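As written in Swiss-Prot, here are the features:
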- 45-85: domain 'EGF-like 1' (DOMAIN)
- CYS49-CYS62: disulfide bond (DISULFID)
- CYS56-CYS71: disulfide bond (DISULFID)
- CYS73-CYS84: disulfide bond (DISULFID)
- 86-127: domain 'EGF-like 2' (DOMAIN)
- CYS90-CYS102: disulfide bond (DISULFID)
- CYS98-CYS111: disulfide bond (DISULFID)
- CYS113-CYS126: disulfide bond (DISULFID)
- 177-213: domain 'EGF-like 4' (DOMAIN)
- 364-402: domain 'EGF-like 8' (DOMAIN)
- CYS368-CYS378: disulfide bond (DISULFID)
- CYS389-CYS401: disulfide bond (DISULFID)
- 403-443: domain 'EGF-like 9' (DOMAIN)
- CYS407-CYS418: disulfide bond (DISULFID)
- CYS414-CYS427: disulfide bond (DISULFID)
- CYS429-CYS442: disulfide bond (DISULFID)
- CYS862-CYS883: disulfide bond (DISULFID)
Amino acid sequence: MGVAGRNRPGAAWAVLLLLLLLPPLLLLAGAVPPGRGRAAGPQEDVDECAQGLDDCHADALCQNTPTSYKCSCKPGYQGEGRQCEDIDECGNELNGGCVHDCLNIPGNYRCTCFDGFMLAHDGHNCLDVDECLENNGGCQHTCVNVMGSYECCCKEGFFLSDNQHTCIHRSEEGLSCMNKDHGCSHICKEAPRGSVACECRPGFELAKNQRDCILTCNHGNGGCQHSCDDTADGPECSCHPQYKMHTDGRSCLEREDTVLEVTESNTTSVVDGDKRVKRRLLMETCAVNNGGCDRTCKDTSTGVHCSCPVGFTLQLDGKTCKDIDECQTRNGGCDHFCKNIVGSFDCGCKKGFKLLTDEKSCQDVDECSLDRTCDHSCINHPGTFACACNRGYTLYGFTHCGDTNECSINNGGCQQVCVNTVGSYECQCHPGYKLHWNKKDCVEVKGLLPTSVSPRVSLHCGKSGGGDGCFLRCHSGIHLSSDVTTIRTSVTFKLNEGKCSLKNAELFPEGLRPALPEKHSSVKESFRYVNLTCSSGKQVPGAPGRPSTPKEMFITVEFELETNQKEVTASCDLSCIVKRTEKRLRKAIRTLRKAVHREQFHLQLSGMNLDVAKKPPRTSERQAESCGVGQGHAENQCVSCRAGTYYDGARERCILCPNGTFQNEEGQMTCEPCPRPGNSGALKTPEAWNMSECGGLCQPGEYSADGFAPCQLCALGTFQPEAGRTSCFPCGGGLATKHQGATSFQDCETRVQCSPGHFYNTTTHRCIRCPVGTYQPEFGKNNCVSCPGNTTTDFDGSTNITQCKNRRCGGELGDFTGYIESPNYPGNYPANTECTWTINPPPKRRILIVVPEIFLPIEDDCGDYLVMRKTSSSNSVTTYETCQTYERPIAFTSRSKKLWIQFKSNEGNSARGFQVPYVTYDEDYQELIEDIVRDGRLYASENHQEILKDKKLIKALFDVLAHPQNYFKYTAQESREMFPRSFIRLLRSKVSRFLRPYK
């Protein structure tokens, strides 16, 4: 906005001034001068000063006399009392005694110092500020303090970037700015035709050779403590008249014989000057040497009164101010840490806590409320958090979950074949064998299938693919004979809305039963699995919540039909029989499709009538949002039924598993039947949460023909780690065990004991290193554990799950916000990996990057590094490059419109790596953003550093930077609650200066 567009406050000030002056003017108008208009004769003395009847100047003191009054100007003013004018102490040759700037104020003056200096205790001299003491001056490598300023320096092989703080690795070849011999003292800019152009940092001038930079008085006062003059040879230093030059030619020392001198040239008259000097010599005032006060001086009727600002205490001499160590008293009021600084103190918090805006209290950071904290479940603890994985998954990299390959550990406990599946596994048997009830052992099949066993069916539910999944299981006890051929097929139905349910298949006798082989006992035996993935549709009247929204539902039905070898005839061989059965199966599927389409597919489970409907049910606003499958309402929340219970739809609550059943998972709608022992008197326990709770099972180290008592101990040379098994595993290689009833391979008497990272080979009787992609944390094992999911190890012989790493490069690249992430973060990244990202923002937008922290091992001699350039060329303009660990955050803008980013690691040491967020902003704000990120105050305070590490606060800042209109989403109160006052003041001053540059 131009000047003409601003409000002109002149008229308002005139009205205000008139109102302030009106009462005194009225009093003066009614006052009578002494000796006029009074009655003759002796009268009581009137105190004109007390009644305000005097005509002394506003800057004068009124002293009552027996017959009148006397006016005299206050210290710091001159005149005869009825007219007083301010003395300009800064106008003399000594500049008021100030070595830098002297600011005249009514009745007094104040000394100020240039940037890079601080006022000494005498209130006149200026001392250098050592910026390197606070957070290394914000320098990435080395900070060097100089008079009036500081400089960042880089280690050998690096040069200082444009932001004057970070260091960039030099290239060995090429003619661009990335070459170590480009010749520029400060800033190198790419020029046309492959050449370079040099520029200097603010406060320096480019030398005639167009390469070197000459210091001027505009940068750090030219390195001079007091006065600086620019000459052809550079800055020339001089000292205030009351000081003498140090031998270093820059510092100034106080003279011992200095006295205050007043010359005729800087006084109104010689007489007035003499009076003023005499008065100040006779009476100590704040106008002379600040009254001797360290900080604040105030003239009173009894002389000067010294006081100290908050954070200091006045000493016994009544002049000196001493810093108060607030941390010595009740820890400064800080919850955790207190750090004393000159004139104040800072509170800090332990890791995992954040400082609240009162800048004293610490609050636990709820990491679980942030995005991307854990792959599956997150558990918040005071000061930390823990990730947990769903059943069938293993935690790696602290926060990630990968599928567990159960088959890699003792073949999953399977007697014959183990097949790993996502989130689970299953045991299978060779032809001629059937799976035992314990789902691990295999039993030889003898004779034909029985025809009189009534099937038992249950529905198993759990989380799958982000939703609820229900799996129909048959426990009919019907087994396949060795001459049976299996035909499998599946069909999927898609519906708009439905409810998981289960009922006998007799609902479709007209089509389904005739389609099945006649030699089998029941159609129900043909349902091997039915997979229902849907919303339960269960509504709880009267409970608070939103009405459920229509959801799509998928029902996958998988049929497994059996054909018997005895059906083969001379005219139709086994292949012919299979084709006929497939034809019947397709007919059965068509019948089922029609039933679903006609809404004749009705199922029932646990007292609930659960239907499949083509139209979504009507819901009232009072009806609560439906809970997931296997969940009930408790205190207006959906709670999964715990292990050992199931959800009963009729009673709408969790019920204990009845005798003879068990359930080892949460959120189920049925209980599994306990295996039936030959001894019918075996103990059955209600609320069984595991198969072993059913009672009567053989214990680890034991076995029997059916897995139930009576049991035998595993023979010498065998072991069994699980309960309810029908056999024991051999040690192999002719190895014996230390005793009967062994429960693990570690009980086998091997010739050598293998250390972690190895497994015992029973053929060669040697210890073999675990191959790449596996690990073994224990002694004396005969296997190695496969790494979870898509992870692998860097080398063979791994001993811990932490050595399993995901090699995928992480990150999300958006037009406005995004992040890049090293592989396996926050776990250690893998060896010999390479990642590249390209950030190409929309037109007229620039890139701001925040590196909260980065962990790269310095021991590798820069074998692992992160670099950000304009292009992949090593000679292109580089914005950032590092090969070290920095736990102190830094923010910077890209030197180019787009960024090519590369992370590379060698085969040496590893570390956590990084997660680096970025935001793109309107290029019109370039000057403002640069001003903010280059200000050392952004990083000086540990509290400010924590802001740049706080994912929630960074997200809010980036949200506003990317889309400024989002600023209005945050109220002023919210902003104050999110950020400390010092941070808001810093940003407000810079934004105000950016928006109103002429004020």
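Every residue gets a Cβ built from N, Cα and C, even glycine.
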#### Entry: Residue among the disulfide-bonded residues CYS62, CYS113, CYS126, CYS368, CYS442 whose Cβ has the most other Cβ atoms within 10 Å
CYS126
### Task
Pull the DSSP breakdown for the domain 'EGF-like 1' (45-85) and write it out as helix, strand, coil residue counts.
4 helix, 15 strand, 22 coil
### Message
Check the DSSP secondary structure of CYS368 (disulfide bond), expressed as helix, strand or coil.
### Response
helix
### Query
Which ones in the same chain are close to CYS71 (disulfide bond), with CB under 8 Å and 6+ residues apart in sequence?
ASP54, ASP55, CYS56, HIS57, ALA60, LEU61, CYS62, GLN63, GLU80, GLY81, ARG82
## Note on the structure
CA-CA within 10 A of CYS429 (disulfide bond), subset of disulfide-bonded residues CYS73, CYS113, CYS378, CYS418 in residue order, equals CYS418
### Task
Summarise the domain 'EGF-like 9' (403-443) by DSSP state, stating how many residues are helix, strand and coil.
7 helix, 16 strand, 18 coil
#### Entry: Chain-internal residues, separated by at least six, CB under 8 A from CYS378 (disulfide bond)
GLU367, CYS368, PHE385, ALA386, CYS387, ALA388
### Task
Provide the three-state DSSP residue tally for the domain 'EGF-like 2' (86-127): helix first, then strand, then coil.
6 helix, 16 strand, 20 coil
### Query
Which ones in the same chain are close to CYS427 (disulfide bond), with CB under 8 Å and 6+ residues apart in sequence?
GLY412, GLY413, CYS414, GLN415, GLN416, VAL417, CYS418, VAL419, LEU435, LYS439, LYS440, CYS442
### Message
Rank aside, I only need the closest one: which of the disulfide-bonded residues CYS102, CYS111, CYS389, CYS862 has its C-alpha nearest to that of CYS407 (disulfide bond)?
### Response
CYS389
### Message
Highest Cβ count within 10 Å among the disulfide-bonded residues CYS90, CYS401, CYS429: which residue is it?
### Response
CYS401
#### Entry: Close in space, distant in sequence - CYS111 (disulfide bond), Cβ under 8 Å, 6 or more apart
GLY96, GLY97, CYS98, VAL99, HIS100, ASP101, CYS102, LEU103, LEU119, GLY123, HIS124, CYS126
### Query
What Cα-Cα separation, expressed in whole Å, is found between CYS389 (disulfide bond) and CYS883 (disulfide bond)?
33
